[in-house]
Structure formats: structure tokens, C-alpha cells
Amino acid sequence: MSTFGHYFRVTTYGESHCKSVGCIVDGVPPGMELTEDDIQPQMTRRRPGQSAITTPRDEKDRVIIQSGTEFGVTLGTPIGMLVMNEDQRPKDYGNKTMDIYPRPSHADWTYLEKYGVKASSGGGRSSARETIGRVAAGAIAEKYLKLAYGVEIVAFVSSVGSEHLFPPTAEHPSPSTNPEFLKLVNSITRETVDSFLPVRCPDAEANKRMEDLITKFRDNHDSIGGTVTCVIRNVPSGLGEPAFDKLEAMLAHAMLSIPATKGFEVGSGFGGCEVPGSIHNDPFVSAENTEIPPSVAASGAARNGIPRPKLTTKTNFSGGIQGGISNGAPIYFRVGFKPAATIGQEQTTATYDGTSEGVLAAKGRHDPSVVPRAVPIVEAMAALVIMDAVLAQQARHTAKSLLPPLKQTINSGKDTVGNGVSENVQESDLAQ
């Protein structure tokens with residue numbers, strides 16, 4: 001379907017070469033200041049034509065808010081946003097071979113099988129142009145999360161092809177065992193990431209190696225994949241649902257819905273499978289003396305006296321999630337992107353009707369590697385997941401706070417989303 005989320009619902013629309021793309025966002029809290037200026041920076045980070053190693057398609061991707069705000073303030077009603085497709089070239093796809101042959105590893109064939117008809121230009125609905133609506137909606141979610149809780153979301157390119165920022169070694173099979181990676185998790189900012197354009201890998205040497213590799217594949221009319229790592233800091237504890245809607249499951253759902261994704265791992269991930277439990281377990285320690293980040297100190301939660309979690313963990317192999325529920329530590333995960341399917345090299349493939357084979361040389365304008373522009377898309381989907389989980393937790397505890405206190409419990413104040421909570425105690429304790 002084209003809708004994501006339960007409480008913060010985002011519906012995207014549009015195809016690669018239609019007149020516009022965009023979204024409708026339902027569930028935005030009323031009373032938040034919001035203009036296009038809050039959304040445009042992320043749109044600009046996502047847009048094509050950023051450098052010599054991205055698609056040359058010339059789109060400004062200027063977002064227009066159509067509804068849901070008045071005088072720059074959210075009304076609590078659905079917010080509609082659109083971006084015009086200004087540099088459409090459907091004629092690039094109307095040549096004889098691309099009408100006859102489905103592109104290898106693209107969605108041409110599968111969309112035709114599903115719908116019985118498909119867009120003849122670009123990837124249609126499967127195009128990365130669809131993610132414009134996601135990024136616009138994610139910017140709204142992110143603003144609320146930062147104002148309310150001081151949440152910070154930062155993604156960066158962690159590998160391109162065989163070039164890694166933190167290559168696996170015998171000592172560090174997972175980056176989560178590497179002190180340098182954990183230092184990066186706690187300190188990386190978007191400003192730092194964007195100072196390493198065009199690749200967005202926050203290390204000068206690795207960034208150069210990755211750029212050279214992408215350039216090599218571009219010059220050969222080929223493509224190469226890679227990974228994007230994302231960090232979410234200052235997340236309230238208690239987010240996520242048991243069983244089927246665990247927080248990491250919802251993050252995986254969100255990330256694997258992004259075009260060209262092929263893999264997802266959270267925390268220590270697959271490398272953590274090689275680490276013994278005696279090392280992998282994250283011991284709890286008191287968070288009493290933990291330094292409060294400036295964004296948290298300035299948040300609505302701090303102003304309203306909502307306490308920070310009482311505990312934190314000494315290590316963070318779990319990636320900030322245990323039992324499917326956030327524990328307050330930084331959440332980090334990695335998303336794998338395949339090489340872009342559309343390449344300029346000639347490829348032998350079958351016709352749509354399967355009666356013969358021929359040679360397809362795809363036309364159009366495409367990224368030799370999608371990972372540099374995937375960074376803000378990953379951030380946006382992360383924001384949508386956390387926003388939805390926050391609203392679910394707020395709804396649950398608001399409903400609970402209106403009930404009379406249970407006789408066998410003692411109220412211990414407020415939880416990390418700002419509602420009264422109770423601690424279970426023995427009846428003998430109540431008599432003392």
C-alpha cells in the first residue's frame with residue numbers, strides 16, 4: 001500500500017515522470033510552527049543533480065505545503081505537500097528496446113505482472129522520486145521529535161562496494177565492538193556528514209576511496225551498491241510494542257520499503273553473531289550522572305519535568321532496543337542498498353512476452369550509486385517510525401493516567417513520555 005504508520009500516517013503519491021509527487025500526512029499534533037523552510041533542507045539533501053556522481057536530472061524539488069497549516073502553525077488536520085516534476089523526459093524511455101525488454105533487476109516486469117499495466121517512463125511508482133513524500137513527511141516528524149524530546153537523527157554512508165568506513169576484522173567483527181564507531185555514534189552530526197560531500201562518509205580517506213570507486217563505475221556505465229548507517233539519539237525509553245510491532249521490526253519495515261534496499265541490521269547485527277554472550281550483554285548502570293545533551297535540556301520534555309531514564313547501559317551491542325522496546329540508549333542500524341538496476345551497458349534479456357532474447361541498453365538519467373542520496377531518506381523513515389511509536393506510547397499512558405490508582409501500587413511520578421506511572425509493590429510494603 002501507499003500509506004505508512006498508524007498514528008502518524010503518511011500517504012505518498014506520484015510516479016517518476018508525472019506532473020508532481022508528494023504526500024498527505026495525518027496525525028500531526030496541532031500548534032507546532034511549520035513552514036516550507038522546515039522541510040526544504042532535507043529535500044535539498046535528497047534531490048538529484050548534486051554532484052558528478054549523482055544523476056544529472058535537474059530537479060529543484062521545492063516543496064509546497066497545500067493544507068493543514070495556517071499562519072505557519074499546524075492545525076492538527078491533514079497536511080498536504082507537493083513537489084513539481086520540472087525535468088521530465090519520458091521520451092528517454094519510449095525507445096524501441098525499452099518498450100520491448102524489461103530492465104534486468106528493475107520493477108518493470110513485476111509491476112506489469114501485478115497490475116497488468118505499467119508506467120512506460122522511468123520506474124513509475126517504483127522510482128526513487130516516490131521518496132520525496134517520505135522525506136517531506138519525515139521532516140515534520142523530526143521537528144516534533146526534536147522540540148518535544150531533543151531527538152537527533154543522523155545517517156551517513158558506511159560503505160560503497162568493498163570500501164568500508166569500519167571494515168570487519170577478527171578483533172572487531174561488528175563495528176559495535178570498535179570504540180571509534182561508538183564514539184561516532186555518540187557525536188556525529190549532519191553538518192559533519194555534509195562536510196564530506198559528495199559521498200557523505202564522515203572520514204576523509206574513506207570518503208575519497210568511495211568517491212573514486214563510484215566514479216569508476218559511472219565511467220564504465222555501471223553501478224555499485226553500499227550501506228547507510230543511521231543513529232537516533234535521545235529516544236525516550238519504552239517505545240515499541242511486544243511481539244509483532246517491536247521497534248526494530250518497524251524500523252526494518254520502514255527501511256526495507258525504500259527503493260533498492262536489500263538488507264537491514266540493528267545494533268551489533270550479523271557481526272554480533274560472532275561475539276560471545278559474556279561480551280555481547282549490555283550491563284545496566286545508573287544514568288544519574290549522565291550528561292544531558294543540549295537538545296534534551298531545551299526540549300518540551302525537560303520543561304515539563306519529564307524525567308530521563310534512570311538507567312543506561314555500559315555497552316550498546318543492543319543498539320538501543322531490548323525486547324523490541326527502546327531503552328534510552330542511542331539506536332543505530334545499517335541499511336544495505338543494491339547497485340542501481342538501470343545501467344548504460346548493453347545487457348541480454350528476454351522480451352516481455354518471453355518469445356525471444358535481445359540486447360537492452362537502457363537510457364535515462366540514473367545514479368551510479370544510490371547511497372549518497374539515500375542518507376536523508378533513511379533519516380526520514382527513521383523519524384516516521386519513532387514519531388508513530390511516540391504517539392502510541394503517549395496515547396496509552398494518557399488513557400492510563402485517567403484511571404484511579406490501583407490499591408496495590410504506588411505512584412512514582414512521571415514516565416519518559418510525561419504521564420503518571422506506578423511501581424508494583426508487595427501488599428506488606430503498603431502496610432508499613
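A Cβ is built for glycine as well, from the same backbone N, Cα and C atoms used for every other residue.
Summarising the annotation, Swiss-Prot assigns active site to His17 (among others) and lists experimental evidence as the type of evidence.
Long-range C-beta contacts of His106 (active site), restricted to its own chain and to partners at least six residues apart, with a cutoff below 8 Å, comprise Gly123, Ser126, Ala341, Thr342. What Swiss-Prot records for His106 (among others) is active site, and it gives experimental evidence as the kind of evidence.
Among the features that Swiss-Prot reports, active site is placed at Asp367 (among others), with the record citing experimental evidence. DSSP gives Asp367 (active site) a coil state; it is part of no helix or strand.
Positions annotated as region 'Disordered' by Swiss-Prot: 406-432.
What Swiss-Prot records for 408-432 is compositional bias 'Polar residues'.
His17 (active site) sits 16 Å from Asp367 (active site), counting Cα to Cα.
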